[in-house]
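Undergrad: Here you go, one structure.
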Amino acid sequence: MNNKTIGIIGVGNVGSTLAFILATNNICSNILLKDIKNNISEAMALDISQAMQETNSNTKITACLNNEDFKDCDIIIITAGIARKPNMSRDDLLITNAKIVASVMNDISKNNPNAIIIIISNPLDSMVYTALKSSNYPKNKILGMAGTLDSARMSYFIAEKLGFPNVNIKTSVIGGHGDSMVPLIDFSTVDGKKLNEVLSKEDIDDIVIKTKNGGGQIVKLLETGSAYYAPAYSTIAMIEAILNDTKKCFACATILNGEYGYKDIVSGVPVILGKDGVEKIIELEISDFEKEQFSNSINSVKESINILENNFFN
């Protein structure tokens, strides 16, 4: 077990699931929970602590009331934000959650300027941008969990097409966390073979569509919520890479500085994760078609950022 402390701000379905996995798997020494509803964080801390009595975990989990309590966290996960409500426009949701994330980042900056920040709040790419712009944090220390989840969903749909065989599936998805994401077919393999060697074009096209709609499908089925197990596990993979300084490659939302031909825009791209957060952005040689799709994805994120610049930061 790492002698590390992880803070989770926002203890809804994703935050509480994440805390449960961290605690019961002995991934860190301490977990701090904070929610706008204090009773929620207290309840989750108690419930998870009691569940741990049936495990070999020694992790301590604590509900926090004060932002100062996060001063010693090595990693802070931000899941705070509201879901879109009936009659609420996407612009209203964007501004509302930007206010929440900016407020959280202001508190973190005052109390812990050294932690690695992982954003899960939606709209993801815009919230990563908000966190960066509203704080004095180094760019490599703020990243978003998105592409890792999208890649996991793509892997699932490939396995589904193949009948769930015991094979090694690797996938890569770049771009914004939404309908404009770009699943990279040429960089996705099954036991080292390219997808078009094991699946038909029709099957691959279907996988791309299902990957883009993966989150929406779950929202539709749940009716009053969204996915939380897969997002939590994707975040766990990122946390372990940072805590253990593995230098493994993950698709994460980060701010670009000339990579792929774009600057000062947040998008999901392959990165090397280690103890310092985003240690390197990997530029893949993508096709002209994928470049066009990536450009469309970037423009979609830019639209949201322009709304923030004109109605929130201005």
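Cβ coordinates come from backbone N, Cα and C, glycine included.
Pasting the relevant annotations from Swiss-Prot:
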type: ACT_SITE; residues: H177; note: active site, proton acceptor
type: BINDING; residues: I9, G10, V11, G12, N13, V14, G15, N97, I120, S121, N122; note: NAD(+) binding site
type: BINDING; residues: R84, R90, N122, R153; note: substrate binding site
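What does the local environment look like for each feature on the list?
TA: In the three-state DSSP classification, H177 (active site, proton acceptor) falls within coil. Cβ neighbours within 10 Å of H177 (active site, proton acceptor), excluding its own Cβ and spanning all shown chains: 29.
Around N13 (NAD(+) binding site), taking its Cβ as the centre, 17 other Cβ atoms fall within 10 Å, counting all chains.
Annotation note: R153 (substrate binding site) sits in a helical segment as assigned by DSSP. The number of other Cβ atoms within 10 Å of the Cβ belonging to R153 (substrate binding site), over all protein chains shown, comes to 25.
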Undergrad: What does DSSP call N122 (NAD(+) binding site) in the simple three-state scheme?
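TA: N122 (NAD(+) binding site) sits in coil per DSSP, no helix or strand.
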Undergrad: Are there any residues in the same chain, six or more apart in sequence, whose C-beta is under 8 angstroms from the C-beta of I9 (NAD(+) binding site), and if so which?
TA: G15, K34, D35, F70, I76, I77, I78, T79, A80, V104
Undergrad: Give me the CA-CA distance between R153 (substrate binding site) and I120 (NAD(+) binding site), in Å, as a whole number.
TA: 16
Undergrad: Using DSSP reduced to three states, classify V11 (NAD(+) binding site) as helix, strand or coil.
TA: coil
